[in-house]
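Undergrad: Pasting in a structure now, in structure tokens, and then I'll have a few things to ask.
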């Protein structure tokens, strides 16, 4: 069998085994850290925060060693030509993760200041962790900027373990950030429930505050409050880093087809309408969040008004998003364009994340719908939750379909036969040759380079410039200029105009949905969470069960909005 050529097939087995082994290593690494995080959250006997932080510090140090080794090896081999995945690590994605990383560094500096103020009663690991995390963040962003597109073909087994270790290290750091931020939100939520009249729910604050006095009260207050406002950016940073590293892991040993990728820069031209409406939604959302956070918990009337205001605004925005998505899908149905089904790990991951993370919002929405149906008493503001929950489900259905179809559609190609469009104007015995209107389309060249005017369309009048005198003599009796267009010319103009109009509408829809998703990311990320404050779900399902559901589903719902915004930005560039 080996003589018959089976070594090529058999050679893939070690690499497949390495992929399986590395994935199992990463999963076990993640599960161990997840259980340690859960044990600290429930105040398990013998488990403290220092144990969890020690585990995370160890993982980060191992990743730092691997990244330094990879960077040094890449530096020594920089003259070698390496395969690159042109679809991975887009520049706008790198810029986004850099922005989140900068805010994460500010968060680490706040944690260091917080540790210094409470150093008398905090474990040394709480001071070591932010320092290690800051170094880890700086080196990881540099690594992703330089090597996110790499297709690794050497030391593949070792690299698989190094990359998957990095993926699950970032997932654990994301989990730790989500848990810490959720515990803070939960304490505020328990206090707000009293103002809404849910006094029968047991209010027990989960307090992990230091058991000593702060050296400088003002700074401590700034650090403790600022930390929780910066956590949403830290959470997004780690989930984005883990997805980029996962694509790098999937590309190890992959055979890349060498073809030139069309650059798709972002342009503001032609998306004015979408940007204006999107900015209006963004501005109004920020105003709603500010008012919500001020009013909620103040009194029962103020809390009910805040919830009603939030639901009405969200219903209006979601209805607009559904309408825009339906229009985009109808435009796609009117077009006859094939889908690109080539192997692409980055695109496949985008589609899977969209559907997977949308399940978090769907879970919360169905929980709210069941609570409204089954509850015995219904405060007035809870009825607005019903259309809101239904629209959340429908909007994600439509938006996911639009995004997934957009990223799989092949870019429109211009017919190769259309090289130049030249209009010959005949006026009073002279031929005026205007320059090509469409020049060098799809690698075409203007016919004037060869001195000829090609016949582009059947039935059109074609000729050479040097024949213009003869034609002019035949038409000397006419005083007005003549521009000759055939029926096919007009059909070309018509088709081109319709295509441009469709493209402009799609770009405006993508820009509008991009800003809407950013707008809907802001409320849950910064504490505006009616799923916590509504109170009806806690009565139907019980306080602890519903809080567990919200704490599990909310991080996925928040990530969905940011990931959708990133995907829509890409759609806008490709359209």
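Cβ from N, Cα, C; glycine included.
What TrEMBL shows for this protein is this:
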TRANSMEM  25-46  transmembrane segment
TRANSMEM  52-71  transmembrane segment
TRANSMEM  92-116  transmembrane segment
TRANSMEM  128-145  transmembrane segment
TRANSMEM  157-175  transmembrane segment
TRANSMEM  228-249  transmembrane segment
TRANSMEM  270-294  transmembrane segment
TRANSMEM  310-332  transmembrane segment
TRANSMEM  353-373  transmembrane segment
TRANSMEM  385-404  transmembrane segment
TRANSMEM  505-527  transmembrane segment
TRANSMEM  539-560  transmembrane segment
Undergrad: Can you find at least 3 Cβ pairs under 8 Å between the transmembrane segment (25-46) and the transmembrane segment (157-175), where each pair is 6 or more residues apart in sequence?
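TA: These two stretches do touch.
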Undergrad: Ranking 52-71, 128-145, 353-373, 505-527 by Cβ pairs under 8 Å to the transmembrane segment (539-560), which is first?
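TA: So the stretch in question is 353-373.
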Undergrad: Under 8 angstroms, Cβ to Cβ: which one of 52-71, 157-175, 228-249, 310-332, 505-527 has the largest number of such pairs with the transmembrane segment (270-294)?
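TA: If we count Cβ pairs closer than 8 Å to the transmembrane segment (270-294), 505-527 scores highest.
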Undergrad: Can you tell me which of 92-116, 128-145, 228-249, 353-373, 505-527 gets the most C-beta pairs within less than 8 Å of the transmembrane segment (310-332)?
TA: 505-527
Undergrad: Count the Cβ pairs between the transmembrane segment (157-175) and the transmembrane segment (92-116) that lie under 8 angstroms and are 6 or more residues apart in sequence, then report whether there are at least 3.
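TA: Not in contact, no.
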Undergrad: Which sequence-distant residues neighbour the transmembrane segment (52-71)? Criterion: at least 6 residues beyond either end, Cβ under 8 Å.
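TA: Result: 29, 32-33, 36-37, 40, 123, 125-126, 128-129, 132-133, 135-136, 139-140, 143, 146-147, 159, 162, 165-166, 169, 172-173, 176.
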